[in-house]
Structure formats: C-alpha cells, structure tokens
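In TrEMBL this protein carries:
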BINDING   11, 12, 13, 14, 15, 16, 17, 18  ATP binding site
DOMAIN    9-198  domain 'Thymidylate kinase-like'
Ligand code: Z5A
C-alpha cells in the first residue's frame, strides 16, 4: 500500500482555511484520491473536547504552558487515531491547522520557547511532518474583519492586533525556514484567484506523485 499524503492548511483567522478545505477535497477527489478531512485542535472525540476547553472564553485563565500541552495532547490523539491510520491506508489527509500553528500562536503569539515546541513536536510526532502546507496569508485587519462579521468570538479571536501580528510574522518565518514544504498563497484576493493559486500548488504535488510512483497514474493522478 502506498502511503497517502499529508496536506495542512495554515494562516491567521479569517484567511479562508475552512472555505478552501472543501475546494481542495473536491479537487483531489476529482483525481480519484480518497481524502480524510480533519482539523486541529480536534479530529477525535477527546481532541474535540480539548478544543472546546481551549476556545472557551468563559473558562478560568489557561496558562501558556497548559495551552501548549493541551494542543499537543489533542495532537497525539489525532495522530494515533486519525492521521496515521488514514495515511497507512493510502488515504490523503487534509488538515485545517497543524504544528505550524503551534509555532505561530504559542511560539510567535505567546512567546514560548521554540526549542520547547520542537521538543514536543519530536516527542508527539516522531518523524511525521506534512508533505505540503498551504499558508494562506493576508494582512491581519482583513481576516479579523471577516471573522467579526461572522459573530461571537472565541478565546483566541479576542486577542489584541499585536498578538495576531506576531502570529503572522511567525508563520512567515516558518515559510522561510521550510520553503520546500510551505507554499505561500496570497489570501487577500478574490476567492477565485486564491483557488487558482491553490490548484497550481496541488497540481505540482500530484505531478510529483505520478513521477515517483508510476502506478499512481492508474488512480487518476495527473502527470
Ligand atoms: N491554535 C493554536 O493556538 N495552536 C495550535 O497548535 C492550533 C490552533 C492547531 C482554532 O482554530 C484556534 O486554535 C485558532 C488558533 C488556535 N485561533 N483562532 N482564532 P480555527 O482554525 O478553528 O480558527 P480560525 O483560524 O479562527 O478559523 P476561522 O475563523 O474559521 O478562519 P478561516 O477558516 O481561515 O476562514 P473561513 O471561515 O474560511 O473564512 C472566513 C470568512 O471569510 C467567511 O465568511 C468566508 O466566506 C470569507 N472568505 C474566505 N476567503 C475569502 C476571500 N478570498 N475573499 C473574501 N471573503 C473570503
């Protein structure tokens, strides 16, 4: 069985991650790829409970350390019960946020040590890293305005603009550090143009898969 690919979507609030998940899923399925769509924090019963605790803006104050550990506790469950089994079955996993979000929010936003995050990443993930990450990027004000239009704000969405500026900066640094894996998509353009840029990147990945694994062309992967 050929292992599936692991694709993650990242970016600050309101840049269009959720909107484009469905688009990417449809695009992959048109190429006869079986896709598992999931999200972080979340993806399993227990991890979704942790998500609720993390987003609740009425709970007791959550310490930075607790927040970081809860992200990785949820991730450990998600990897064991959803991500790894799907990849092993040859399915592709499309995940709304993953560990780049931890570098951005807990590292950039909360100013936690990168070495600590890296240590937890290695502990929880072993060698698992996304094959491709689409980083949707737009000026903070644009995403925040979109989210505010939607209504009630969660615990993260109540942070100050400076927090999100730091998050965005940390995301862009990740993209600089891992240019092979992280592809930057301009998200402050009409949706049709965002989706054209996403298609270009995914098509390249599909082409590479077909080259590295000639049998994959039988599954409809484009060359
Ligand atoms: N978090 C963390 O701290 N550490 C971690 O390790 C992880 C997560 C994994 C939950 O994430 C929180 O967890 C998150 C970070 C933290 N903090 N916050 N906030 P989430 O993914 O559930 O939350 P989110 O980023 O706020 O998601 P979102 O608000 O749903 O944003 P989005 O998915 O990127 O955007 P969207 O829902 O697709 O689009 C928003 C609106 O804009 C919607 O009305 C669209 O129709 C519209 N839209 C989208 N694209 C366009 C374009 N191109 N033009 C015009 N309008 C558009």
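Residue numbering: from 1, along the chain as shown.
Including glycine, each Cβ sits where the backbone N, Cα and C put it.
What TrEMBL annotates, mapped onto the structure for a quick look.
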residue	record	CB count, 10 Å
11	ATP binding site	27
12	ATP binding site	27
13	ATP binding site	19
14	ATP binding site	24
15	ATP binding site	28
16	ATP binding site	21
17	ATP binding site	23
18	ATP binding site	11
Neighbourhood of ligand 1 - binding-site residues from 12, 13, 15, 17 with Cβ under 6 Å: 13, 15, 17
